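To keep things clear, I will list the structure first and then write my remarks on it.
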Amino acid sequence: MKAPVRVAVTGAAGQIGYALLFRIAAGDMLGPDQPVILHLLEITPALPSLQGVVMELNDCAFPTLAGVVATDDANVAFKDVDYALLVGARPRGPGMERKDLLEANGAIFGPQGKALNAHAKRDVKVLVVGNPANTNALIAQQNAPDLDPKCFTAMVRLDHNRALSQLAEKTGSHTTDIKKMTIWGNHSSTQYPDIHHATVNGKAAMSLIDQAWYENDFIPTVQQRGAAIIKARGASSAASAASAAIDHMRYWAQGTTEGDWVSMGIPSDGSYGIAPGVIYGYPVTVKNGKYEIVQGLAINDFSRARMDATDKELREERAGVEHLFAK
Ligand SMILES: NC(=O)c1ccc[n+]([C@@H]2O[C@H](COP(=O)([O-])OP(=O)(O)OC[C@H]3O[C@@H](n4cnc5c(N)ncnc54)[C@H](O)[C@@H]3O)[C@@H](O)[C@H]2O)c1
Ligand SMILES: O=C(O)C[C@H](O)C(=O)O
């Protein structure tokens, strides 16, 4: 067994938290030889409920669970953490405008960015799941001036996995037969799931499907999947979101496989003509805990228009929250 690492999870008493904590504690995220100390952050009124979750975590007697800290203080929650999964966010309520949502989340992700800046390990890996995930990640990053901006990422892995599942079903294959799937841009309905570079059992994905299915079925299904689940379940995706968060962190920590890549929301460096600084879904490879954008992909006009549309949405979201950035 290795020395334990510290993993913070915010919104730990919520529904994603309930699907996520037990898998992290069981070793699904960092491996069966990596003990974890969980740092769980909740708002004060949710602490009794969180205590119940802690009781259940202990009752599992996981070999890889080395301790649990449960708190309503971000300074305690982020102390010396190696990983931080920021799940807790303000959901959109009735009559709330997007602007109100961004403002409410600024009040969460600004202070959490500051607390990470003050207390987390200098190479902390931060994943923002709470919506609007990309712009919440930007707010946290912009309040953590002493951390490398690349420490902050947002989750588009659920979209990536949804795209794998849709393409596998259409082509009668398994998700593991598919390589080089890409989600460009925002975790929102403007995201662009791109299969131009994907292969299914080594064959170009685009040669196995027709353009009409791609345009009228695949893309909108992936873009609208979150809304479809809310409609069907009466609550937003939880187990699949938790599973995607595990995948995002596992690949970031352990690396991508040769000949394949994953999609991560990361700070744009201007690659592919995207506005520098916005947290944009890119295809990335990972080695030794560092991600790199896959370069040199051919982008046709169809893709260009969609990549630009989701970039535009992210630039607009950024313009709406710039007043929340640390001066
Ligand atoms: N990126 C994605 O792919 C994706 C997918 C699904 C859901 N989500 C988002 O994830 C978020 C969480 O979803 P959920 O279903 O678990 O919601 P939930 O309402 O069940 O749980 C959220 C929890 O966060 C807590 N919380 C609120 N403010 C907090 C704060 N300042 N610090 C710590 N905890 C805080 C709440 O008390 C609650 O327990 C939502 O924003 C949802 O939209 C993102
Ligand atoms: O909460 C939502 O809007 C949906 C969620 O982000 C999802 O993709 O399932």
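The backbone N, Cα and C atoms fix where each Cβ goes, and this holds for glycine too.
Annotated features, as they stand in TrEMBL:
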| type | residues | note |
| --- | --- | --- |
| ACT_SITE | H187 | active site, proton acceptor |
| BINDING | G11, A12, A13, G14, Q15, I16, G17, N105, Q112, V129, G130, N131 | NAD(+) binding site |
| BINDING | R92, R98, N131, R162 | substrate binding site |
| DOMAIN | 5-148 | domain 'Lactate/malate dehydrogenase N-terminal' |
| DOMAIN | 157-319 | domain 'Lactate/malate dehydrogenase C-terminal' |
Of G11, A13, Q15, G17, R98, N131, which binding-site residues come close to ligand 2, meaning Cβ under 6 Å from one of its atoms? N131
Closest of the recorded positions to R92 (substrate binding site), Cα to Cα, picking from G11, Q112, G130, H187? G130
If you count other Cβ atoms within 10 Å of each one's Cβ, which of the recorded positions R92, H187 has the most? H187
Can you grab the distance from Q15 (NAD(+) binding site) over to N131 (substrate binding site)? Cα atoms, rounded to a whole Å. 14
NAD(+) binding residues G11, A12, A13, G14, Q15, I16, G17, N105, Q112, V129, G130, N131: largest Cα-Cα distance, in Å and rounded to whole number: 20
Taking only the binding-site residues G11, Q15, R98, N131, R162, which have a CB closer than 6 angstroms to any atom that belongs to ligand 1? G11, Q15, N131
Across the domain 'Lactate/malate dehydrogenase C-terminal' (157-319), what is the average pLDDT of the model, as a whole number? 97
Closest to R162 (substrate binding site): which of the binding-site residues G11, A13, G17, G130, going by Cα position? G130
In sequence order, what residues of the same chain, 6+ apart, have a Cβ less than 8 Å from the Cβ of A13 (NAD(+) binding site)? L40, E42, A46, L47, S49, L50, V53
